[in-house]
Structure formats: C-alpha cells, structure tokens
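Participant: Got a structure for you, written out below as structure tokens; questions coming shortly.
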C-alpha cells in the first residue's frame with residue numbers, strides 16, 4: 001500500500017611529586033584568600049561532585065583566551081622537548097555503552113596527568129595506528145557478532161592487506177557484550193586478534209564484560225591506566241605531569257546513567273486498537289527543569305523497578321520469605337527490596353540456568369547445560385521464575401543474588417523532537433507479554449511503563465546520545481525511513497524535526513505491522529504530514545490483512561526503481577526495529593535493489609550498500 005504526497009488511501013600543587021620527571025614545581029596562581037575559599041568549598045563536596053566540578057573548571061580553562069599562559073601550558077612546555085607520548089582511546093559503540101566507558105577512561109587518564117586523545121572509531125584512520133605507541137579499544141558487539149556501525153571500516157581495514165605492521169604498538173581491549181548471545185564480545189575479540197597478528201603487544205589482558213559491566217570495567221580501567229603510566233614512563237616517551245584536580249574532564253550533563261533525573265510521567269496512552277494482539281503505548285515524560293537535551297535519533301534510558309508480585313513469586317520458588325537481608329553496594333536491604341530495585345529478575349541467561357542446574361540438581365537443566373545451543377535457546381525463551389520452577393530448591397538469600405545480574409536501564413528510541421515538544425520526551429513502548437504454562441509473563445521495563453507506573457508518577461531517566469543515527473546536516477538531503485512496529489519511534493522525531501526546520505529534503509517512510517485497522521501507529525499524524533507535504537511518500541505493509549504475508553522489505557522491492565533513484569539522488573537510509581529478522585531482510589532487499597537497478601554483480605551490490613554504511617548514508621538502530 002502506497003501513499004503519495006497530498007494523498008491518502010594554595011600550596012604548590014606539585015610539591016609532593018618533585019621526583020617525577022624532575023620538572024620545576026608549578027606555582028599556584030591563587031592568592032591566599034582564593035585558595036582558602038576553594039579549600040572550604042572542596043571540603044564540602046562528595047567525590048561525584050568533585051569530579052563534575054573539576055571537569056567544569058577544565059572546560060572553562062579551555063575557552064579562556066589566556067590559556068596559553070596557565071600553569072598547564074607551562075607544564076606542557078616543560079616536557080615539550082621530548083617526543084609526545086600519549087594514550088589513544090578508540091570506541092566502537094552502537095547504543096552508547098562503549099562510548100560511556102571510553103569517556104570515563106579519558107577522564108580518568110586526564111586526572112592521572114596522562115596525555116590522551118579520544119576517537120569515535122568512524123573518525124579514526126586505521127593507518128594512523130602505525131604512529132601510535134599506546135592504544136585502548138573499547139568495543140561493543142552488534143547483532144550476531146557484527147561490529148558496531150561506527151567501527152565497520154576500522155574492523156575491515158585491520159583485516160585487509162593495507163593494514164600496517166604494528167610492532168611498536170602496545171594496546172589493550174575492553175569488550176562489551178551479552179553472554180546470552182552466541183557471539184559474546186566478538187568485536188572486541190576480533191580487534192584483539194587483528195592487532196596481535198599485526199605485531200602489536202598487549203600490555204593488559206582483554207576483558208570481556210557482560211551486561212552488568214560497570215564494576216568490571218572500572219577495575220580494568222584502573223589497572224590499564226596504571227600500566228600505561230608505567231610503560232610511558234619507562235619508555236621515556238613523555239613525562240607524566242600530575243595535573244591539579246581541576247583538569248579532569250567534564251561530563252556532558254549533570255544527569256547521566258549513574259545519576260539519572262527523576263522525571264514525571266505525563267501520559268501513557270494505548271495507541272493500538274481494542275482488538276489488536278499488541279499493547280503499544282505512547283508515553284510522554286516531563287523533563288521540565290532538568291536541563292536535559294536530546295537530538296532526533298537519541299535514546300532515553302529508563303531505570304525501572306521490577307514487579308513486587310514477581311519478586312514474591314521468585315522468593316517463594318526458592319524458599320525465602322522476603323525479609324532476609326543482603327548487602328548491595330554496602331547497603332543492607334531485604335531480599336524482596338533488592339529484587340525489586342537492584343537485580344534483573346525477568347530475563348534469564350545461560351549462566352544463570354547452568355548455575356541453577358548445579359545448585360538444584362535438576363537433570364533436565366543439567367542436560368541442557370551440556371548443549372550450548374539448546375541452553376541459549378531455553379534461556380532466551382524462559383523467564384527466571386520459570387527456570388526456578390523446574391525443580392523446587394531451597395536457596396539462601398546470598399545464593400539467590402549470586403545467580404542474578406544487576407538491574408540495567410532499558411534504552412528506548414526517542415519519538416519526539418524538542419523543537420516540537422520542548423521540555424518533554426516521548427516514547428513508543430510495546431508491552432512485552434506472553435503466556436507460559438497458562439501463566440502471564442511480562443517484560444520488566446515495558447510492564448513498568450505501560451502497567452505499573454501511573455500518570456504523575458516518578459521515573460528515573462537519562463539521555464543516551466547516538467551519533468550513529470542522525471539526520472543529514474544538509475536539510476535538502478532526501479531520507480528513506482524503514483520502521484515497522486515500534487521501530488517507527490525515531491521517525492516521528494525525524495519528521496517533527498524536519499518540519500520545524502523547514503527542511504526541503506524529501507521524506508519517504510516505510511511502515512509495517514499486523515493490521516491496518518488495529519496497528520497503524522500514529523496514523524492520524526502521518527495523514528497530516530502527507531497532506532502538508534512534509535512526508536513525501538508513505539508505503540505500508542500490514543502482514544495479516546491478506547492471505548500472503550507482506551512486510552516492509554517487500555514494499556522496498558516493489559518500489560525498487562524509485563528507491564534506487566532516491567539513493568542516486570543522495571538519499572540517506574534509516575532502519576529501526578527488530579535486529580534478528582527485519583533488519584537482515586531489509587538489508588537483503590537493499591542489496592537486491594542495488595544489484596537489479598544498479599546493474600551490478602551481487603558482490604558489488606553488497607559492497608555498494610556497505611559503502612553507504614561507511615559513509616553514514618545507511619544507518620541502523622536495531623535491537
């Protein structure tokens with residue numbers, strides 16, 4: 001089904017470090033009154049506040065015209081006679097986790113006085129590795145073992161014949177992933193392998209971090225920076241200058257993943273029909289006074305609480321009353337409270353199943369644990385409460401939390417533009433619900449937002465910026481958007497933004513779902529945008545409205561000639577939604593379009609589409 005435009009069917013800060021490098025001490029530029037005032041203020045701050053304030057001062061210093069005459073500049077001049085040794089940090093990130101770890105590493109390196117540069121993998125030229133002495137790569141893994149979109153080019157370069165010998169390079173790799181997937185931390189493992197093959201030396205063992213990565217990543221960063229300081233000093237490549245506390249880098253916002261903003265739920269409205277098999281909610285959250293800003297393509301992180309009833313059900317399965325206490329981050333909590341607010345109690349994982357098989361003695365689970373594929377399939381389709389139901393087992397409170405991962409926030413693609421909604425943020429949330437042995441099962445975050453959180457209630461949120469899913473800078477550039485189901489969310493943001501910017505570029509949307517009458521999300525809005533001309537074209541695919549199922553990839557192929565023409569006209573392509581099937585099918589459809597309409601062999605068509613990704617003209621936000 002297709003719709004065209006306008007139609008619709010004070011001391012010397014270095015006096016204790018004089019032995020480090022033999023540099024002259026850096027004199028304090030503060031008078032006694034300034035220094036005493038600073039000391040009094042600093043003494044009242046927490047460590048988190050100190051980190052923020054130090055970065056704030058550093059940011060101010062960087063923008064002062066007289067910065068060249070500051071003690072930092074003097075310190076730099078004192079070591080400039082020697083070759084500049086530095087640490088280069090490269091992040092390969094899809095959703096922002098690896099970027100966050102890399103930014104934390106950068107801040108910590110600066111606080112240690114280490115010269116450091118931070119690069120998005122898409123902005124780093126692989127050949128420059130031959131000029132580096134110390135590199136740390138922070139890499140997440142996308143989909144089924146694929147490199148994140150921003151790292152595809154670097155990942156391919158290191159496998160190519162053009163990759164240089166790296167015998168002078170020392171490196172470290174921190175890999176992020178989810179052990180529920182077969183190719184756990186694959187991208188990080190790849191980078192480790194490729195660098196070693198090119199002759200580089202690892203100065204610290206690679207760490208493979210699971211979804212609750214924060215503590216492990218923090219410890220690894222500490223150890224890695226210690227080794228970097230040792231090797232930089234021993235190699236005499238550069239002297240480590242211990243900078244004043246004010247030189248630590250600033251965080252981008254007062255509110256972040258570790259320090260979320262307590263916002264208010266304004267609206268939770270079901271936008272699927274009463275006879276739909278889905279419950280999809282339009283969520284509006286008030287950010288007034290937070291100072292939080294976002295761009296189209298960004299995500300909102302939501303810290304949610306688990307169902308109290310589910311926590312009680314789990315406790316009953318393992319013989320606990322709920323009043324037993326556990327220690328979580330130095331805080332003593334009842335086990336029931338801990339399950340509600342601190343631990344993941346919905347989604348299972350292979351490690352949990354294997355450990356419970358051992359504790360319970362369940363023959364069924366022990367047999368599953370011997371087959372990785374079957375174990376992975378079972379854990380993906382069985383919630384924790386149902387794993388524990390396999391065999392009644394008495395656990396202590398500490399044994400129970402030893403099986404569980406820490407609770408992590410859920411990221412949702414933002415469905416609004418601040419140019420349109422100001423200090424609000426909108427989401428499109430599909431409630432995850434299904435039956436298991438005649439029992440209703442729900443997703444943790446989606447049921448919190450759609451069922452348990454009432455309008456006017458508090459929700460802790462933060463903005464996760466996504467530089468890998470951004471509108472073209474040139475407003476005349478055409479865009480093609482493919483977003484079935486809740487994958488429509490960022491494109492609502494895109495269209496709102498393009499309308500408010502009076503962007504002249506054409507906009508083409510492919511949307512799909514089950515039925516036209518029950519599942520056409522934001523239907524009235526798309527009608528309005530078609531009528532006004534903001535939306536140039538809309539093609540929809542409702543899979544259950546006819547005998548033969550039709551999906552968005554079929555609509556792309558039906559319009560192959562026009563899609564190819566838009567690509568030739570410079571269009572950017574965006575895909576959002578399911579990674580397991582939809583994204584792959586859409587990718588294959590685009591390759592077929594290039595093959596047929598571009599009159600090129602299949603291999604060349606594949607390369608053409610991959611080149612679009614490298615040029616950031618083909619961007620994906622898939623999950």
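Residue numbering: from 1, along the chain as shown.
Glycine is treated like the rest: Cβ placed from N, Cα and C.
Just lifted these from Swiss-Prot, have a look:
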type: REGION; residues: 1-32; note: region 'Disordered'
type: DOMAIN; residues: 87-225; note: domain 'Flavodoxin-like'
type: BINDING; residues: 93-98, 140-143, 176-185; note: FMN binding site
type: DOMAIN; residues: 258-472; note: domain 'FAD-binding FR-type'
type: BINDING; residues: 346, 380, 410-413, 428-430, 434, 443-446, 623; note: FAD binding site
type: BINDING; residues: 543, 544, 549, 550, 551, 552, 553, 585; note: NADP(+) binding site
Participant: Out of the binding-site residues 96, 550, 553, 585, give me the one sitting nearest to residue 445 (FAD binding site) by CA distance.
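Facilitator: Nearest by Cα distance to residue 445 (FAD binding site): 96.
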Participant: On a simple 10 Å Cβ count over all chains shown, which one of the binding-site residues 410, 544, 549 is most densely packed?
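Facilitator: When each Cβ's neighbours within 10 Å are tallied, 410 leads.
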Participant: Cβ atoms within 10 Å, counted per site: which of 184, 412 has the most, among these binding-site residues?
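Facilitator: When each Cβ's neighbours within 10 Å are tallied, 412 tops the list.
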Participant: Relative to the Cβ position of residue 140 (FMN binding site), how many further Cβ atoms are located within 10 Å?
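Facilitator: I count 28 other Cβ atoms within 10 Å of it.
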Participant: Give me the CA-CA distance between residue 178 (FMN binding site) and residue 623 (FAD binding site), in Å, as a whole number.
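Facilitator: Distance between the two Cα atoms comes out at 12 Å.
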Participant: Quick check: of the binding-site residues listed here (93, 140, 143, 181, 543), which one has the Cα closest to that of residue 623 (FAD binding site)?
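Facilitator: Closest by Cα distance to residue 623 (FAD binding site) among the binding-site residues 93, 140, 143, 181, 543: 143.
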Participant: Would you report the average pLDDT that the model assigns to the domain 'Flavodoxin-like' (87-225)?
Facilitator: 94
Participant: In sequence order, which residues at least six apart in the same chain have a CB under 8 Å from the CB of residue 428 (FAD binding site)?
Facilitator: 271, 280, 281, 282, 283, 412, 413, 415, 486, 488, 489, 492, 521
Participant: Show which residues of the chain containing residue 550 (NADP(+) binding site), separated from it by at least 6 in sequence, have their CB under 8 Å from its CB.
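Facilitator: The answer is 512, 541, 542, 543.
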Participant: Residue 445 (FAD binding site) has how many other Cβ neighbours within 10 Å of its own Cβ?
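Facilitator: Result for residue 445 (FAD binding site): 22 other Cβ atoms within 10 Å.
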Participant: Which one is it: of the binding-site residues 93, 96, 143, 181, 430, whose Cα lies the shortest distance from the Cα of residue 585 (NADP(+) binding site)?
Facilitator: 143
Participant: Which residue counts does DSSP give the domain 'Flavodoxin-like' (87-225) for helix, strand and coil?
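Facilitator: Output for the domain 'Flavodoxin-like' (87-225) reads 57 helix, 32 strand, 50 coil.
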Participant: So for residue 181 (FMN binding site), how many other CB atoms are inside 10 Å of its CB?
Facilitator: 17
Participant: Inside 10 Å of the Cβ of residue 443 (FAD binding site), count up the other Cβ atoms and send me the figure.
Facilitator: 20
Participant: For residue 549 (NADP(+) binding site), identify the closest of the binding-site residues 96, 140, 143, 184, 430, judging by Cα separation.
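Facilitator: Its closest listed neighbour, by Cα, is 430.
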